[in-house]
Amino acid sequence: MMRLLFVFFMVHTIFIPCFSFDTPGKDLPLTLDYYKSTCPTVFDVIKKEMECIVKEDPRNAAIIIRLHFHDCFVQGCDGSVLLDETETLQGEKKASPNINSLKGYKIVDRIKNIIESECPGVVSCADLLTIGARDATILVGGPYWDVPVGRKDSKTASYELATTNLPTPEEGLISIIAKFYSQGLSVEDMVALIGAHTIGKAQCRNFRSRIYGDFQVTSALNPVSETYLASLREICPASSGEGDSNVTAIDNVTPNLFDNSIYHTLLRGEGLLNSDQEMYTSLFGIQTRRIVSKYAEDPVAFFEQFSKSMVKMGNILNSESLADGEVRRNCRFVNT
């Protein structure tokens, strides 16, 4: 036990990052009324469009939240994830954690075009994505939180950081904790933010090793788990390359409702993604196991922490973009 505690402690001491981000907790140049005089309708416009988009397909809520997450973990929340590849810029869209999982770029384009028609050159793509993620959460039953705004869009992207900074579905707990910690996010933040998987879907390529690996061990193969596992294997064949892009809900109980069901799934040992299940069954999950149990028992506690953690993640800013950033006219390209 002492060895486990030592390893867990070392995660929090060795992996201290050296980056130029303004991490959560510092004085930040973001305010709730940043657009009060320059684009007072921006929140209403984004809300209205998100209502239509989520009504068209509830999965769009998870898509926008995921885009926001992947943006903030690379260079801070600066809209870099939205940049297309050009002759002079290598974008993040083709990085391994993004290429087969991120969508929603056309949704951002749609909202941005409307905002530009009302308030040209005022609202950043980074702010659009941050507000949209909040509204997406609410529209599928999740909590409300105030969104501070005033972010700038970066003129750069980082394929390398997208490859190294973002957690992957098959990653172990210690590595994931380190990645959140490097962004200034705590273990409590991590467990809460991963709760957004309650409305997400995953591709076969991202859960194949789990359902043909230790799923039987963690779920103890009770009759319900056996049935669930059999259905997953029908969706996702064992052979790599076969059915890789087939998808299923990460939360198979209430897949279109933002609730705490995902944590009950982990308690049963039925987590679809290894990275999720690790929070409850890993030998190093002393703290995460307790938090998962708390959120499974108390949905109010989960909602409260999720709101706080989303604000905290949204406050990860890129110092370079703050000083030399811009408001892109088209979220896919740097202004010329």
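Residue 1 is the first one shown; counting continues down the chain.
The backbone N, Cα and C atoms fix where each Cβ goes, and this holds for glycine too.
Swiss-Prot names ASP251, THR254, ASP259 as Ca(2+) 2 ligands; from the candidate set THR198, THR218, THR227, THR288, the record adds THR198 to that same site. Among the candidates ASN246, ASN252, the residue that Swiss-Prot annotates as N-linked glycosylation site is ASN246. Disulfide connectivity taken from Swiss-Prot links CYS204 to one of CYS125, CYS236, namely CYS236. For ASP251 (Ca(2+) 2 binding site), the nearest of the recorded positions CYS125, HIS197, CYS204 in terms of C-alpha separation is HIS197. The highest number of surrounding Cβ atoms within 10 Å, among the binding-site residues ASP71, ASP251, ASP259, is found at ASP71.
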